[in-house]
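Enquirer: Shown below is the structure under consideration.
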């Protein structure tokens, strides 16, 4: 650095001789050595309006700053200047004969280069240009040439100080001593025997500090500049304060159960954070001290921000210990987890894999190959995600759940893990087996982590790890053999032990956040479903491998190993094989998780569905929680957009008992209603039995869940009465998780409780008086039970079931002009004259086609004020009422009167179609044939009871017959055929001639049950033909 002192005039006013910079610096140093302290640093400027940050516990504040000046150069003081403003400061005198002491301690953490005045070095010459200076101009008093200050060390080998062209070591040391005297570099206190002082925190320093607030130290900058620089200079927390981070604590005063839960979580927090990391604290301290001796090789050079050293002391926002993690699950999992950030963090981003390095683009020159390599990278990282989640689940069930139950029992004064019915507690039994499973999967997780940490899709090597551990997966067999017993014991214990059930409920809802409500019982299937996941992951992984490569062959071998293991386990358990589930998973186009915990495949088969015009093929899949009615595409996969997923608890099914529909099953639900036709009556009965059992189990689970919510609500109400000593209105900040969970549980229960479910729910009012409506009647508030006709979608009658309108009094026959219509409320077949329009609740109160009878019912409900829920009504200022209709995301406000359109045939009712069947001896579908015709015609025939007339109809529900025959005097013949039974009615004339022919009517019945009824009716009313030999 040059110090231009030529502008100073000497006291004798003689022009100074031309001297070099070295000579001027030597003269300046002699003055300092003689005790002239006028060039020492000035007192610090007045403090900034912003509060300075508190120093860390291990640091001592050093408020050294360069002296202000008016020029761009440093001038020696004149004799006229007063020395009163120069503070006397004891310091170490440095002479050429004295031994130079250490210039200060080495930094604890290697800092980035410190650039004075915010300027970057652009050259190594003495005069450095400022073309790379930041946008804000530096302070006028600090516009000296750029100086790059390295951390205080015992050697200064950089040639960028002062005269870069001077290479002698003594010159560099002299310049270093000048930096010490000027305050840019810390000095040793008390002659070097005391505690060393740290380098002062500069306004451009990026070292991590404890406080989140900081002081720039520059009072000349504007507030806007300060705010902009604050974003880039935010201090991070120091490692010493890592264990002191305040964890969120839910202070609840609502129930004893909630208070007990809070105490337990606080204890477990202390157990895992304070106690479990005592040894790690020593290691961290040693590692931090060891960093003192580590000086990176690139100190003094410009480093890329992306390649900067990662500060392990800083807790990233994606970590489990972030300040935003306020729930108990995040706290406990972050306490117990000792894995790396790649396992514990779950950051978003397309190119990010759970906190790991971004997935590279693999620029090979071929775009398709680049995409393949990138997908292969994602497939490899997916192994790590799945295995990490599974290991975490095992830890929660084997460690966290028993510990939680034990501590909860101590709070309530009894042992919740005591023996039950003379046997060891089921929680301890589960713990014993899962503790044996956990080490194997931790080893597998470690190996997968090792592979993923050095992953390169051009050299894949995941198959070897999976193939090696495939045989060890059999360690889960003992748990799978006893899983059904564990399930029954848990159910029994929760039903009998109220406190055990409450503790489990709190653990499920507050800590164990897996699946719906995080049910512990439902998650027991995780162990078995883990088998299936490995093969699915390997299949996806192998898809992106190049054919005829070694890794492809190893992947196929690993897949076969996994298949053998899962086949053996599934055969022993009597469950579907992995291959079957894998095929089903891909038929769902990977859009439905067949391996969801608690979800088991029960049955699947091809069926036929009766549509309004014809029979169409469908594929029926039954799980423990859903029934799928799938439309199969030409490729064999399911068309998800045109398939229906029906929850079992919201469904009704009914066997059709008519002879022609003995293979049919009618399914009705709020999602979809249909008539399913199976291949045989036996298959229909098997499906009905499985549906009945699956629905019962599902409702039982919902009932237990709702009962737990009710108990929690009752306890909360009781404790509120005891704790409400002073009337206080809780604000929004007091609404902690239990209240939110309870309200959500109640709403879910209320939505699932209708006429189809026997699950008990919290009592809710069915209506409320709303005087603003003007009707003076009780209106529904939208949360009570609704009639089945308002919730269940109807099964439409097929078009060929009738050739005429089915409304009583209407004689319209369907043809090209008069087309068929279906009522959306009851599924009835009507004509255009009997069709009206009305809003239906099952279609979100949108306007739909209805028959005359349904229109009358809904219009009467509208007049009575009970059709629309009060939450859907909007009262205008002029007392007119508007309603909200449509789906949740597509609401529309309309005038309710515009939603109704009366039919032409107003007031007509449904025809009694059962009357015809009730007045007959036998009724069914037949195939009528005449002697003059060789073809058969489908007809529906009945034998009338009162007059013994055989009547044939064109359609099943027609009222007009096409043929009537009085069967008195007829003989009958019956002949068994391969496709049914043939019945012939023969009438002979009393006068017979050679050309006389018998009058014969024949028809075939394809249903065996219907054929028996026809045979019995003819045998009772007619005589057998005697001519039949």
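Quick reminder: no glycine exception, Cβ is built from N, Cα and C everywhere.
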Enquirer: Check each of the ranges 810-859, 860-909, 910-959 against Swiss-Prot and return the one annotated as zinc finger.
Expert: 810-859
Enquirer: Across the zinc finger (810-859), what does the pLDDT come to on average, as a whole number?
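Expert: Looking only at the zinc finger (810-859), pLDDT averages out to 93.
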Enquirer: Relative to the Cβ position of residue 851 (Zn(2+) 2 binding site), how many further Cβ atoms are located within 10 Å?
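Expert: There are 31 of them.
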Enquirer: Considering the binding-site residues 823, 826, 854, which residue's Cβ sits among the greatest number of other Cβ atoms within 10 Å?
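Expert: The largest 10 Å Cβ neighbour count belongs to 823.
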Enquirer: With the Zn(2+) 2 site defined by 823, 826, 851, 854, which remaining residues of that chain have Cβ atoms positioned within 8 Å of the Cβ centroid?
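Expert: So the additional residues around the site are 824, 825, 827, 828, 830, 850, 852, 853, 855, 910.
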